[in-house]
Amino acid sequence: MANNISTAFRSVCKKKQNNGIKIISLGVGLAMGLVLIAKVCFEQSFDNFYPHSERIYQIQENVVSGNDKPNAYGQVSGGVAPGMKADLPQVEAATRLTFLQNDAVFFTQDKKRLTGTFIMADSCLFDVLPHPMITGNAKKVLSQPMYVLISEKIAKNMGSNAVGQSIRLDTWPTQTLIVGGVFKDVPENTHLKYDVVISLNSILHFFQNDGTQNWVGNDRYLGYVRLAPNTDPTSLTPAINKMQARHVDMNELRKAGVKLSYSLLQLEKIHSDEPSTKRMSILLALLAFALIFTAVLNYILIVLSSLVKRSKEIAIHKCYGAAEKNISSIVLTETAIHLVASVIVATLLIFLFHTQVEEILAAPLRALFTFRTGLLLAVVCIAVFFSSGIVPARIFARIPVSSAFRNFKESRRKWKLGLLFLQFIATAFLVTLLVIIGRQYNSMVNDNPGYVYENLLYCNTSGVTKEERQKAIEELKRIPEVQAVATCSTLPMFGASGNNVSEPDKAQELFNIADLYNADADYLSLMEIPVVAGKDFEHSTADSAQVLVSQSFANKLAKMLNWNDGVVGKTIRVSEHGICTIKGIYKDIRIGSISEPDPRPSAIFSANVPLNNIMIKFRQLNSDGIRQVNKVLQTALPNKDIVVTPYKTSMTFLYTSSRLFRNSVLIGGIITLIIVLIGLIGYTNDEINRRSAEIAIRKVNGASAREILRLFIKDILRIAIPALVIGELLAALAAEKWMENFAQKTSLSLFIFLGCGIAVLVIILSVVSMNSYRTAVQNPVDAIKRD
């Protein structure tokens, strides 16, 4: 073994064996491939860090309202989780929580500005979903009104001795919270991320109603239970139904046309079983395989390219008594040395570009490369070793002893063409997939959602008085470049809450809607949402009992109630709003994003006071306009943290995951193309060396440079065309799977696939032509002399 290692090291250090190219190309492929595999492992490991995670479940609410399709939600009413703990002996612990504000701005008592995600939870939160406490007693803190737990990261940003300090949310400036404890940061691989936990019995300081004990309605809570060992969650269904019957008037629900039940979803499956997560994991795994597979094939191709050069060396080893297994051992040892060097290169690349890696994969390296993931990556590297070493070892071991005394002519050309064939498939697959993903991303960020958001800014002014807000609006209207100003409760791109529609005098609910809540009389005109029937809100008659409904809302309502004369002017009842009159109908707009659209009909209610979201439309938006708006709002609202955002920026941010996936494929495609071209250049050089005498003779007999180039191009075309066709077909299948994530899809025309295939073919043929041109035009006498 020691002799084999010594021989292998000498071989690695020899010149003209392309060892550098072998190591770098394999290292680059491994770097990207291993990172993508780590990302897949990360996505599949969500929430498995909790103790007894296999026994923790999220409570699911299953609802059928009126004639709507059945829906399952991860949110329940406040009384359900503690009710399960009280009524079901199989439930060891239960908790409920609700999100208060994501990326909330808050201030410490020394006026330091910080941001974090706030939730409100009961005192049992860490009984079910525990995180190590650094200081304080979680159960005690969450039992006290207006006390909070903060993460270690927040505590460090607050400075020393964070416990006992007070903080104030920018949105609720009059409410003071006291820090009672510090917990370890929530890991990255969880569906439930937060920085600050407010005790749930503080809820009336932030909301008008306390729904913590409700069994019906106000279903804003996430409920979790931990079951006793060996408990099958499906076996609890009868007991859960009985529990529900004890606390809920089921007859009233039936009269309202609502079917409501509960089920349990295992914590570890909340994220990993999401269809979008499954599709993304499959595609990333496929991309990782394509990269590593291409790098391995290229390594084998380069090794086989040295077959003729190394034949004498191998034959001499055999003359001195080396058996086939000894030769195989030497080649495998060389492969192991190359692989170790490649892994080192890959590691260096990952750490060198760690910022880009973390951005593209939306996770820090420490979360991606865990111990479990490291074991899997080690198995992948072992598989790469055997895949890269066995084929060359077998071929080299069969070199005859006679090669020591005469030239060895075997070139293993069929092997090389086969390897290039597979590499061409991978290249066509990635290039085509990249183009399709790019088209889909561009169509999403430039799609028409039913309203116009170009030249539009918005600012959330929650926490200020209506008088301050009105003053700010008047100042904004004085800016010459401002075209219009309006206010609303909900921005449609961020989704909407739900409420139920019924007839004023009947209990039965007809259907559920996406409730955009309130907007003023300038909102529709600013957003350029057309009113197709009835009238828009008017300044003079602003009344919260008036409602504008979408076309789908009007059509559905008219059909269900047989209102053949239309819905404008009719009265309806909407939960949370009461009885209201339909003033007009607006054209349907998209609620949410293309990837997660809300298909429900929507409604907007009139407002007689300025609302929290101020929207400013410019004639032509530029950086100066944004600065002017910031200045005006900061002057008008001096006690408010002002964040002015272009609507288009937020719209683009909705598709961050698609952009990052596109970037992953882009980098993977570029790496694969470079690796393939390296292999193609090596193959062409081998063919030039092998056929130099033949080419010289052809030229002596009158062959032109074009005919010589045609010799090489013809060989490549035979494998390139079928390989590209296969690659295009695989890309079509992968793209179709990926685009299941989106309600609106870009068209997959035949011209896209033809264009991508032709582009890849042109690159391949260009490389072959440029690499062969020197031989095609050189003096044939020089080639004959050299041979």
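From the backbone N, Cα and C atoms, a Cβ is placed for every residue, glycine too.
Heads up, TrEMBL stuff is auto-annotated, nobody curated it.
The domain 'MacB-like periplasmic core' feature in TrEMBL is assigned to 24-241 (among others).
Residues annotated as domain 'ABC3 transporter permease C-terminal' in TrEMBL: 286-400 (among others).
For the domain 'MacB-like periplasmic core' (430-606), the mean pLDDT of the prediction comes to 91. According to TrEMBL, the feature domain 'MacB-like periplasmic core' maps to 430-606 (among others).
The domain 'ABC3 transporter permease C-terminal' annotation in TrEMBL covers 669-775 (among others).
Feature annotation from TrEMBL assigns transmembrane segment to 20-38 (among others).
Residues 17-18, 21-22, 25-26, 28-30, 32-34, 36-37, 39-40, 43, 338, 380, 384, 387-388, 391-392, 395-396, 399, 408-412, 415-416, 419-420, 422-423, 426-427, 429-430, 661, 664-665, 668, 671-672, 675-676, 678-679, 682-683, 685-686, 689-690, 734, 737-738 of the same chain sit 6 or more residues outside the transmembrane segment (282-308) yet have a Cβ under 8 Å from a Cβ within it. Residues or ranges marked as transmembrane segment in TrEMBL: 282-308 (among others).
Residues annotated as transmembrane segment in TrEMBL: 329-354 (among others).
The transmembrane segment annotation in TrEMBL covers 374-396 (among others).
Marked as transmembrane segment by TrEMBL: 417-438 (among others).
Same-chain neighbours of the transmembrane segment (665-683): 18, 21, 25, 28-29, 32, 36, 287, 290-291, 294-295, 297-298, 301-302, 305, 360, 416-417, 419-420, 423-424, 426-427, 430-431, 433-434, 437-438, 716, 763-764, 767-768, 771, counting only residues six or more beyond its ends whose CB sits under 8 Å from a CB of the stretch. The transmembrane segment feature in TrEMBL is assigned to 665-683 (among others).
As annotated by TrEMBL, transmembrane segment applies to 716-735 (among others).
Counting residues 6+ beyond its ends, the transmembrane segment (747-768) has Cβ neighbours under 8 Å at 424, 427-428, 431-432, 435-436, 439, 673, 677, 680-681, 684, 712-713, 716-717, 720-721, 724-725, 727-728, 731-732, 735-736 in the same chain. Feature annotation from TrEMBL assigns transmembrane segment to 747-768 (among others).
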Let me spell it out: take the transmembrane segment (20-38), skip the flanking residues so only those 6+ beyond its ends count, and list any with a Cβ under 8 Å from a Cβ in it. 284-285, 287-289, 291-292, 294-296, 298-299, 302-303, 338-339, 341-347, 349-350, 357, 361, 368-369, 373, 376-377, 380-381, 384, 388, 664, 667-668, 671-672, 674-675, 678, 682
Highest Cβ pair tally under 8 Å against the transmembrane segment (417-438), stretches 329-354, 374-396, 716-735, lands on 716-735
